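Reading through the C-alpha cells given below for one structure.
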Amino acid sequence: MSSGNSSTGTHTNGNFATLGSSPPSAVGGKGRAIPPKVTHEDASVELKTMNPERGAARGSIPLGEDIMQIARIGEVPAMQRLFDEKKFSANHKDEEGITPLHWAAINNQYAMCKFLLDSGADVNAKGGESVATPAMWAAQRCHYYIVHLLLQRGADPLLTDVQGYNILHLATIDGNAFLLVLLLHQEIPVDVVDQQGHTGLMWAAYKGYPALVDLFLRWGAHANAVDEGGLTPLHWALVKGSLPCVLKLIEYGADKFAKTRDGKTPAVVAGEMNTTRVWYRALDEYGYDLDGNAKVSSSGLASWVRNKSLMSKFFFLWPFAIVFAAVWILSNMVVYAAIPMMLVTVFGLQWVAQKAASQGPSEYRILQKTPYLSGVFAGSLFWVGFRYVFYVLPVTYSTSPILNGLFAIFFSLTTYFYIYSMVEDPGFVPKLGSRNQQRAVITELFEQWKFDEENFCVSCMVRRPLRSKHCKRCARCVAKHDHHCPWIDNCVGANNLRHFVLYITCLEVGIVLFVQLTFNYINSLPAPAQPQCNIINETLCDFVLRDTFTLVLDLWVCIQLVWITMLVAVQMIQISRNQTTYENMRGHSVDRSYPSSRAFASAVAAGTTSLNAAGLTSSGQGPNPALAQGAPRHRKHGCLQQWSSLLGIDTFFATARDGLRDGPRAVRPKNPFSRGVVTNCRDFWCDPAPYFGKREPGAAMLGGEVINYNRMYETPSRMHSGGGYQSLSVEDPEQGV
C-alpha cells in the first residue's frame with residue numbers, strides 16, 4: 001500500500017511482499033500533473049512544475065494568450081476576453097487532456113472555476129497521465145470548497161483515475177477530515193474499494209490518521225474488510241504503527257486473529273513491521289493478554305474492574321478512605337513516624353487506585369481522567385461535615401450560634417452547588433438527528449464560507465456555536481465552554497458556570513468559617529491531663545492534643561483554601577469581562593502572549609499549568625480536526641509532579657518565572673461579548689435562570705437580552721473594550737486531545 005506521490009506525503013513502510021499484498025502504484029489523480037516536490041500549502045502549482053519541457057515551450061507564449069496560465073492565476077477578465085475572441089473554449093484540452101478547469105481547481109481559484117463551469121466546462125473531464133478529473137486534482141490539494149462547487153455542478157464522486165482511485169480514496173490519503181465529511185455526505189459507499197481491494201478505512205489506518213479512522217468507523221465502515229491480500233484495516237494500522245488507529249479498530253471489534261492469504265495474523269504483521277510494542281499496548285488497553293485473549297484475573301475481579309459504572313463509583317469513593325487514613329495517622333502517631341507512615345499509606349492506597357485504573361476501562365487508564373480527584377474533594381467535604389456534626393457542633397452550638405448557623409448554611413450551599421455542578425449537563429450542544437440534517441448544515445456552512453474547524457465539529461457532526469469548544473474528555477461540544485474541571489469530573493459551561501462559581505465561592509466562605517469554629521471548639525475543650533510533645537512548646541502542645549484529628553483536618557482544609565482563592569479570583573475577573581477561561585487562553589495566544597497569566601489561569605482552572613492538559617492548546621482551539629494527526633506523544637509525569645500541578649505549587653514558580661519575562665503590558669484586544677463591568681456582572685448574576693434548579697439549556701443574558709448559547713452563531717455587533725478575546729476565527733498553529 002505504498003505510494004510514490006510525494007505531494008500526498010504517503011508513507012512507504014517495509015517489504016509489502018512479505019505481507020501478502022503488493023503495494024499499489026503511485027497514488028495520484030494527476031499522474032505527471034503532480035509536482036515532484038511538496039509545495040507549500042498556499043503555493044500555486046506552476047505549469048513548468050508539471051512538465052518542464054512543456055513549461056519551457058510555453059515560455060514563448062504571451063501570458064494573455066496562455067489559457068492554462070490564466071486559469072492557474074485566476075484572471076477571469078483575461079479568460080473572458082479569450083472566450084469573447086473565440087480563441088479558446090471552456091473545454092480546451094492540451095495534449096494530455098488537461099483542461100483549464102483542472103488548473104483552476106488545483107490552484108484553488110474558486111471564481112475561475114465558477115466562471116469556467118458557467119461557460120460550459122466539462123466538470124468530469126479527465127486529463128493527465130492518471131486520467132483524473134478536476135475534482136480529484138482539487139481533492140489532493142485539500143481545496144474542499146472547490147470540490148464542493150464541482151460536486152454541486154455535477155462532478156461524479158465515483159469516477160476513478162487510471163489507478164482505480166476515486167475522490168474518496170484520494171481525500172483519505174491527503175488526510176483532511178473536512179473534505180472526507182463532505183464526500184461521505186455525498187452518499188459514496190463508505191467501503192468502496194480501489195483496484196487492489198483497499199477501502200478508505202484501510203488507507204486511513206495505513207496512513208496513521210486516527211481522526212479519519214474514527215470517522216470511517218462511525219460512518220459504518222467494515223472494520224474487518226479484506227483486500228486482495230487478505231489484509232484487514234488492523235493489519236494496515238500495524239504496518240504504520242499508529243497506536244490511536246489500532247485502539248480505535250479494536251474498539252469497533254476488529255478481528256485480532258484475522259489471517260491474510262499467507263496466514264499472517266496482526267501479531268505476525270506487527271512483528272515484521274517492528275510495531276510489536278504498539279500491538280501489545282493496544283491489547284493491554286482493552287484488557288487482552290499478549291496473545292489477544294481476554295485477561296483472566298486470578299482474584300475473579302476482571303468483570304468488576306471492566307465495569308465502567310462500578311469503577312466510576314470506586315474511584316469516587318476510594319479517596320474517602322485515603323483522606324481518613326492520612327488524617328488519622330497524622331493525629332494518632334508520634335510526628336517522627338506519622339509523616340513517613342502517612343506518605344507510605346497514601347501512596348500505597350493511590351497505587352491500588354492506579355492498579356485498578358490500569359486494569360479498568362480504557363478511558364480510565366489515566367487516574368486524572370477518572371472521578372478520583374472529585375472524590376478527593378467529596379471525601380474531604382464528607383469528613384468535615386462528619387466531624388462538625390458529631391464533634392464541633394455539640395460543643396459550640398451554645399457559645400457560637402451565629403457562626404454555627406452561617407457555617408451550616410454555607411456547608412449546605414457548597415454541597416448543593418458542588419453536586420449540581422458535577423451532575424448537571426454543562427451545556428452540551430444538541431446533536432443532529434439524521435444525516436440529512438447534517439448535510440443541510442454542511443451546505444449552509446459552505447454557502448456562508450464557514451465550513452471549517454471554527455464552525456463545524458467533525459466529532460459531533462454539528463455546527464459549533466460561538467464560544468463553544470469540543471471537550472475530548474466529555475466527547476461533546478460544550479456551549480460557552482469554560483474548562484474541564486477534574487474536581488467536579490465535568491465540564492464547566494453555559495448551564496453550570498454560575499453554579500460552579502457559587503460552589504467555589506461558598507466553599508471559600510465555608511472554609512474560613514470552619515477554621516474559626518475549629519478554634520472556638522478547641523478552646524472549649526478541657527486541657528489534657530499530661531500533655532507530652534517533643535517538638536512544640538507546652539502551650540501549643542496543650543492546644544493541639546485536645547483534638548488532634550480535627551486540627552489536622554482543619555490544616556488540610558486550609559491547604560485547599562490556596563487554590564480555591566486563586567480560582568475564585570480568576571473567575572470573578574473573567575465574569576467582569578464576560579470571558580471564559582478558554583477565551584482567556586485563546587485571546588492571549590494571538591500574537592499577545594502573557595505566559596504568567598496563561599500558567600496561572602490554566603492551573604487554577606484545570607489543575608495544571610500545561611495548556612494541553614487543561615484542554616487549552618496554544619490557540620485555544622484544541623487539536624485541529626482538519627489535519628488527521630498521527631499518534632500523539634505522551635510525556636510521562638511522576639506522581640509528585642502531577643500533585644504539585646494539582647495543588648498549584650508549580651503554578652507559583654511558573655508565575656514568578658514567566659512574570660519576569662513578560663514584556664510591557666499591551667493594549668488588550670476588544671472583547672465582542674463585553675458590555676462593561678457592571679452589565680457583565682448583572683448579566684451573569686441576574687439572568688432569569690433559577691439559582692436552585694435547572695436552567696433552560698444554553699440560556700443566558702448578554703447586554704440585558706436573553707440569548708441561547710446553543711444557537712448563537714453570529715458575533716454580537718456591539719464592541720466594547722476589555723476582556724482578552726478578540727478574534728473568533730484564528731488559525732491554529734498546531735498540527736493538530
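The backbone N, Cα and C atoms fix where each Cβ goes, and this holds for glycine too.
Residues or ranges marked as compositional bias 'Low complexity' by Swiss-Prot: 1-15.
As a whole-number mean, the pLDDT of the domain 'DHHC' (455-505) in this prediction is 93. The feature domain 'DHHC' is assigned by Swiss-Prot to 455-505.
Summarising the annotation, Swiss-Prot assigns region 'Disordered' to 1-39.
According to Swiss-Prot, the feature repeat 'ANK 1' maps to 96-125. Here the repeat 'ANK 1' (96-125) is broken down by DSSP into helix, strand and coil counts: 16 helix, 0 strand, 14 coil.
As annotated by Swiss-Prot, repeat 'ANK 2' applies to 130-159.
Sequence annotations record features per position, and here Swiss-Prot assigns repeat 'ANK 3' to 163-192.
Break the repeat 'ANK 4' (196-225) down by DSSP state and the numbers are 17 helix, 0 strand, 13 coil. What Swiss-Prot lists as repeat 'ANK 4' is 196-225.
According to Swiss-Prot, the repeat 'ANK 5' annotation covers 228-258. Each residue of the repeat 'ANK 5' (228-258) gets a DSSP state, and the totals for helix, strand and coil are 17 helix, 0 strand, 14 coil.
As annotated by Swiss-Prot, topological domain 'Cytoplasmic' applies to 1-313 (among others).
For the topological domain 'Cytoplasmic' (356-374), the residues of the chain that approach it from at least six positions outside its boundaries are 247, 251, 285-287, 295, 297, 302, 305-306, 308, 311-312, 314-316, 318-319, 350, 422, 473, 486-489, 607, 642, 646, judged by C-beta separation under 8 angstroms. The topological domain 'Cytoplasmic' annotation in Swiss-Prot covers 356-374 (among others) and is backed by sequence analysis.
Residues of the same chain lying 6 or more positions beyond the ends of the topological domain 'Lumenal' (396-401) and with a Cβ under 8 Å from any Cβ of it are 517, 520-521, 524. Swiss-Prot lists 396-401 (among others) with the feature topological domain 'Lumenal', giving sequence analysis as the kind of evidence.
The topological domain 'Cytoplasmic' annotation in Swiss-Prot covers 423-498 (among others) and rests on sequence analysis.
Summarising the annotation, Swiss-Prot assigns topological domain 'Lumenal' to 520-548 (among others).
Annotated topological domain 'Cytoplasmic' per Swiss-Prot: 570-737 (among others), in sequence order.
Positions annotated as transmembrane segment by Swiss-Prot, on the basis of sequence analysis: 314-334 (among others).
Summarising the annotation, Swiss-Prot assigns transmembrane segment to 335-355 (among others) and lists sequence analysis as the type of evidence.
Between the transmembrane segment (314-334) and the stretches 375-395, 402-422, 549-569, the greatest number of Cβ pairs separated by less than 8 Å involves 375-395. Counted with DSSP, the topological domain 'Cytoplasmic' (423-498) comes out as 16 helix, 17 strand, 43 coil.
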